[in-house]
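Here you go, one structure.
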Amino acid sequence: MKVVTWNINGIRAFRGGIKKALDSLDADVICIQETKVTRDLLDERIAIVDGYNSYFSYSRGRSGYSGVATYCKDRATPFAAEEGLTGLLVNHKDAVGCYGDHTEFSSEELQLLDNEGRAVITQHKIKCQDKEKTLTVINVYCPRADPEKPERKRFKLQFYNLLQSRAEAVLKDGSHVIVLGDINTSHRPIDHCDPSEIDDFGENPGRKWLNGFLYSDKQEEGSDEEEHDKECEETDPLHGGKFVDTFRFFHPTRINAFTCWSTLTGARQTNYGTRIDYIFADCQLAKEQFVGADIMPEVEGSDHCPVWGQLSCSLISSPKPPPFCTRYLPEFAGKQQKLSRFLVKVDQKSAQSEQKNTLPGSQEEEERRENLNPSGAANISVKKRSLTSDLVAPKGKKTKTVNASSKPKGNLLAFFKTKNLISDGSSQQCSTADTDQHMNTEHSIPQPTVTQSDAKKGTSSVFWKSVLRGPPAPPCCKVHEEPCVLRTVKKEGPNMGKQFFVCARPQGHASNPEARCNFFAWVDKAK
């Protein structure tokens, strides 16, 4: 059995088609994150792929945001499947169940945690040494902690705790468990390109959670695999949780093994990234059934690369997909839908409360402020429209219409005060015009003259060049002596909107001579 996880950064971006991409990964269960599709954007070529059965979770608050999907080959059809971690989204039989302890969450928090389309769970049957067992695969896309939004940090930790509660509950019920996907936290310094640049690296709440969720990672510090096997036989609080990072299980000391790179800085060219995509397995499964796990940095198409894991056990396929399968959706099942499915009775009070309590990060603060308090220009335009409506002539009376085209059109240059824009050639034309009248045209030598229209054209070109100067010429960086690239500050603050120059090379470690140097220069608007 082979499993693969990959954050694809938009499922509709596959140039060669989804089937070609899935086939190239050559796995039985393929878990993808950040599909960026909602149900209304899901089309048949993505939902129904020949040779696979699929299971989708969508964001219910934002379009083109988040979303995960699990594709299972027909020979790996699960016996149960469901969306989300809380159980609130389950409305069919053959669900996985085992939801864990939710006492630390309010009902509203549970709903918000499942509203962003971040989890799909499939449950399979496997055969290990002639014994039939259950294997549950939890595909997750964990939230990112936006430093500008403190509420998202809390949301991320709540999602982590909910994920751990669910995974451990399923494990306690007797099933083997694999948790895989984009966890959005690099665990150890070895998993980060430049951990020294981060203050209090180990104090990060996400890393502390991983320390508790994962079993001991002592292999990194020199313990051998045999010692790790003994530790895995029974868990205790001193060694952390009940799951193993399968990549580090097989490659405890490998460095520069990253799965995510910044596309903005071209960091993939210098391998300046982080390892935030994982395949976690319960200790017994990792020890007895996993035969290999690795990253696939050679596979492009996203800012992440795939991660694979191989097990020695074989899969037992269900005779038919569970009800959560995408092919059973009415729009793909060929069933005629009733109009009532599209009409939902809305309580006015609840609708207003929903507008006040939108999903975290579902609408930027600037957009909300603009919607609630339009700009002054908009208010002026409204007043103008109201004034013009008051001046409309009464019904039945004829009004005199004025042909707008009969009025002379003004020149745009008339609105600007220009100095010294007339060339010397046009002034000479005026001084020589009187003397030319007394000269005999037969004996006069033809001279090039500058017409009034030419003078206007020259004036216009000089004016527009003074207004629209274009981007400034880039300076060369000091180390590589190559032209720099122009960037704009987009982060809110006193420098927002300002432009600056940096080295054009991709971002990398300071010790890498091929990487970007530290050249930086603000654009001088006065030049």
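Here the Cβ of each residue, glycine as well, is placed from N, Cα and C on the backbone.
This is the feature table in TrEMBL:
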type	residues	note
ACT_SITE	Tyr141	active site
ACT_SITE	Asp182	active site, proton donor/acceptor
ACT_SITE	His304	active site, proton acceptor
COMPBIAS	349-361	compositional bias 'Polar residues'
COMPBIAS	442-456	compositional bias 'Polar residues'
REGION	347-380	region 'Disordered'
REGION	426-456	region 'Disordered'
SITE	Asn184	site 'Transition state stabilizer'
SITE	Asp277	site 'Important for catalytic activity'
SITE	His304	site 'Interaction with DNA substrate'
Can you count the other CB atoms that lie within 10 A of the CB of Asp277 (site 'Important for catalytic activity')?
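Total other Cβ atoms inside 10 Å, all chains included: 23.
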In whole Å, note down how far the CA of Asp277 (site 'Important for catalytic activity') lies from the CA of Asn184 (site 'Transition state stabilizer').
7
Just to be sure I understand the packing, how many Cβ atoms besides its own are within 10 Å of the Cβ of the residue listed as 'active site'?
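Counting Cβ neighbours of the residue listed as 'active site' within 10 Å gives 26.
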Other than its own, how many Cβ atoms are within 10 Å of the Cβ belonging to Asn184 (site 'Transition state stabilizer')?
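Taking every protein chain into account, the count is 21.
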Look at the active-site residues Asp182, His304 and tell me which residue has the greatest number of other C-beta atoms within 10 angstroms of its C-beta.
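Its Cβ has the most other Cβ atoms within 10 Å: Asp182.
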Closest to Asp277 (site 'Important for catalytic activity'): which of the active-site residues Tyr141, Asp182, His304, going by Cα position?
Asp182
